[in-house]
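Asker: In case it helps, Swiss-Prot gives these features for our protein:
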type: BINDING; residues: Asn136, Glu139, Asn165, Glu168, Glu197; note: Fe(2+) binding site
type: BINDING; residues: Glu139, His164, Glu168; note: Zn(2+) binding site
type: TRANSMEM; residues: 5-25; note: transmembrane segment
type: TRANSMEM; residues: 36-56; note: transmembrane segment
type: TRANSMEM; residues: 75-95; note: transmembrane segment
type: TRANSMEM; residues: 124-144; note: transmembrane segment
type: TRANSMEM; residues: 157-177; note: transmembrane segment
type: TRANSMEM; residues: 187-207; note: transmembrane segment
type: TRANSMEM; residues: 211-231; note: transmembrane segment
type: TRANSMEM; residues: 248-268; note: transmembrane segment
Amino acid sequence: MTDNILFAFALTLFAGLSTGVGSLIGLLSKEFNPKVLTISLGFSAGVMIYVAMIEIMVKARESLVVGIGAEMGKVVTVLSFFAGIFLIALIDKLIPSYENPHELNVAQKLEECSENQKKKLMRMGLFSAVAIGIHNFPEGLATFMSGLSNPTLGVSIAVAIAIHNIPEGLAVSAPIFYATQSRKKAFILSFLSGLAEPVGALIGYFLLRSFFSPSLFGVVFGAVAGIMVYISLDELLPAAEEYGEHHFAIGGVIAGMVVMAISLLLFT
């Protein structure tokens with residue numbers, strides 16, 4: 001059991017720290033390529049949608065059928081899915097749009113900024129870090145519990161969320177870097193925002209460990225699927241189309257689905 005806990009936590013840490021990877025990519029890149037970002041965001045959406053609908057929803061239903069029976073299991077699976085959508089939509093609603101990391105135009109040329117603009121960018125970057133931390137908290141718990149219940153599923157979710165977190169790291173680091181001209185500050189704040197995932201995993205584990213059961217895991221899986229679909233449709237795909245052509249975004253989605261389908265066939 002201890003090995004399972006450590007493995008699940010390692011997956012969560014991996015997913016969370018990918019925010020720092022996104023920050024590094026943005027800070028070290030000499031030239032912004034919108035096509036690459038468009039394809040990457042589409043790829044992330046494809047991975048998340050495919051994993052959510054093909055893998056996670058199936059696991060949610062299987063767990064709930066074991067826990068509460070076939071008929072109620074089906075109903076609770078669907079309810080859990082939409083509960084996850086409602087939860088992440090509520091979080092988005094509570095965060096004003098200018099503070100939402102997915103609303104930032106990181107492609108904008110900001111080299112020449114006034115002092116007021118720099119202050120605004122710094123505030124935007126800090127709010128983005130907090131917003132991403134709030135988003136990452138339930139994602140961390142979801143990754144951890146998935147890894148604890150089913151290591152293969154946990155890996156799939158961790159990879160999907162890690163890919164999703166990379167552009168978020170860029171969203172935090174870009175405005176902070178342009179405001180301070182400090183790569184170090186931009187990276188540290190982006191890195192810290194990603195640590196919300198392992199923190200969410202630890203807090204969730206200590207609060208819920210006495211309630212672990214197939215039913216609980218099923219509800220969590222259903223909610224995770226809803227969260228991942230919402231993020232893909234509400235955040236990743238619109239952002240992908242904002243930075244590039246529609247066909248590049250859709251190509252990224254299909255590529256993400258193909259890659260995840262092949263990986264699931266090979267490793268499950």
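Counting starts with 1 at the first residue shown.
Backbone N, Cα and C define each Cβ position, glycine as well.
Could you give the neighbours, burial and distances for every feature on this list?
Answerer: Taking the Cβ of Glu139 (Fe(2+) binding site) as reference, residues of its chain lying under 8 Å away and at least six apart in sequence are, in sequence order, Ala15, Ile161, Glu197, Gly200, Ile227. DSSP assigns Glu139 (Fe(2+) binding site) to a helix.
Among residues of the same chain six or more beyond the transmembrane segment (157-177), those with a C-beta under 8 A of the stretch's C-beta atoms are 11-12, 14-16, 18-27, 37, 40-41, 43-44, 47-48, 51, 56, 101-102, 104, 106, 110, 121-122, 124-126, 128-129, 132, 135-136, 139, 142-143, 146-147, 183, 185-187, 189-190, 193-194, 197, 224, 228, 231, 236, 239, 256, 260, 263.
For the transmembrane segment (187-207), the residues of the chain that approach it from at least six positions outside its boundaries are 5, 8-9, 12-13, 15-20, 22-24, 27, 125-126, 128-130, 132-134, 136-141, 143-145, 161, 165, 168-169, 172-173, 176, judged by C-beta separation under 8 angstroms.
Within the same chain, residues 35, 38-51, 54-55, 152, 155-156, 159-160, 163, 237, 240-241 sit at least 6 positions outside the transmembrane segment (248-268) and bring their C-beta atoms closer than 8 Å to a C-beta of that stretch.
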Asker: Report the listed stretch (5-25, 36-56, 75-95) having the maximum count of Cβ pairs within less than 8 Å of the transmembrane segment (211-231).
Answerer: 75-95
Asker: Please report, as numbers and ranges, the same-chain residues at least 6 past the borders of the transmembrane segment (36-56) whose CB is under 8 Å from any CB of it.
Answerer: 107, 146, 153, 156-157, 159-161, 163-164, 166-167, 221-222, 224-226, 228-229, 231-233, 236-237, 239-241, 243-245, 248-261, 264, 268
Asker: How many neighbouring Cβ atoms, not counting its own, are there within 10 Å of the Cβ of Glu197 (Fe(2+) binding site)?
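Answerer: Looking across every protein chain shown, the total is 33.
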Asker: What are the non-local neighbours of His164 (Zn(2+) binding site), defined as same-chain residues 6+ apart in sequence with CB under 8 A from its CB?
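Answerer: Looking at Cβ-Cβ distances below 8 Å from His164 (Zn(2+) binding site), excluding near sequence neighbours, one finds Ser44, Met48, Ile231, Leu236.
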